[in-house]
Amino acid sequence: MGKRDNRVAYMNPIAMARWRGPTQSAGPTIQDYLNRPRPTWEEVKKQLENKKKGSKALAEFEEKMNENWKKELEESREKLLSGNESSSKKRERKKKKKKKSSRSSSSSSSSSDSSSSSSDSEDEEKKQGKKRKKKKNRSHKSSQSSTYESESESKEYVKKKKKSQDETEKEKDVRSLSKKRKKTYPEDKPLSSESSSESDYKEEVQAKKKRRCEEQEKAMEKAKKKKKKQHKKHSKKKKKKSGSSHKSE
């Protein structure tokens, strides 16, 4: 079985365009735009003069609008002036009425002031008595709260002192014990606490090294597995290609 011929002939696009000839454009060309009809210099001057003069109809319309606007302004001014005058008259009337009412009330209030002054003095005395009682109660409460706070602060201070004394005594006992041990065993190794701390540190270092080694081994195993899979895939592709080539022959 031979291979099928899938080749296609190459066509030069420039040669094909020349063979087809000029394209038919739908719109106007550049030459049509350049050859368009244009006005002469005299016609342009006339158009500019007409623009400067303006139209007579527009000028007449503007004059009418100005006249109407002036009339409206005069009417609104008259209305405002008449309204201000009426409001000023109303205010004057109200002031006069107030003055009359105040005069009549002053005569009646003079008789009632004597009776109300006695009642007012009694009310003021009662209010002052209530205020004094409230002040006494407040001062008593504030003194009680201050004494309670001072007692609580003194108790806390005593507790802190006791704690500090206990801590200092414990430190002294520990130091005395360490001195006695050094005197009795001068040539021996350091205390058990120091040795235990060193042994713990060594154990931690060893555990970290073991973890790192295990992680590296896991990473190596994963990389080997990936390589094996890739190798298998590659071998399968090769077998398929070789089988297809034998069939074509």
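For all residues, glycine too, the Cβ spot is worked out from N, Cα and C.
As annotated by TrEMBL, compositional bias 'Basic and acidic residues' applies to 70-80, 164-176, 199-222. According to TrEMBL, the compositional bias 'Basic residues' annotation covers 90-102, 128-141, 223-249. What TrEMBL lists as compositional bias 'Low complexity' is 103-119. Per TrEMBL, region 'Disordered' is recorded for 70-249.
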Other parts of the chain folded back onto the compositional bias 'Basic residues' (90-102), taken as Cβ under 8 Å at six or more residues beyond its ends: none
Counts of helix, strand and coil residues, the compositional bias 'Basic and acidic residues' (70-80), according to DSSP: 11 helix, 0 strand, 0 coil
The compositional bias 'Basic residues' (90-102), counted residue by residue under DSSP: helix, strand, coil: 13 helix, 0 strand, 0 coil
Composition by DSSP (helix, strand, coil) of residues within the compositional bias 'Basic and acidic residues' (199-222): 24 helix, 0 strand, 0 coil
Structural state census, the compositional bias 'Basic and acidic residues' (164-176) (DSSP three-state): 13 helix, 0 strand, 0 coil
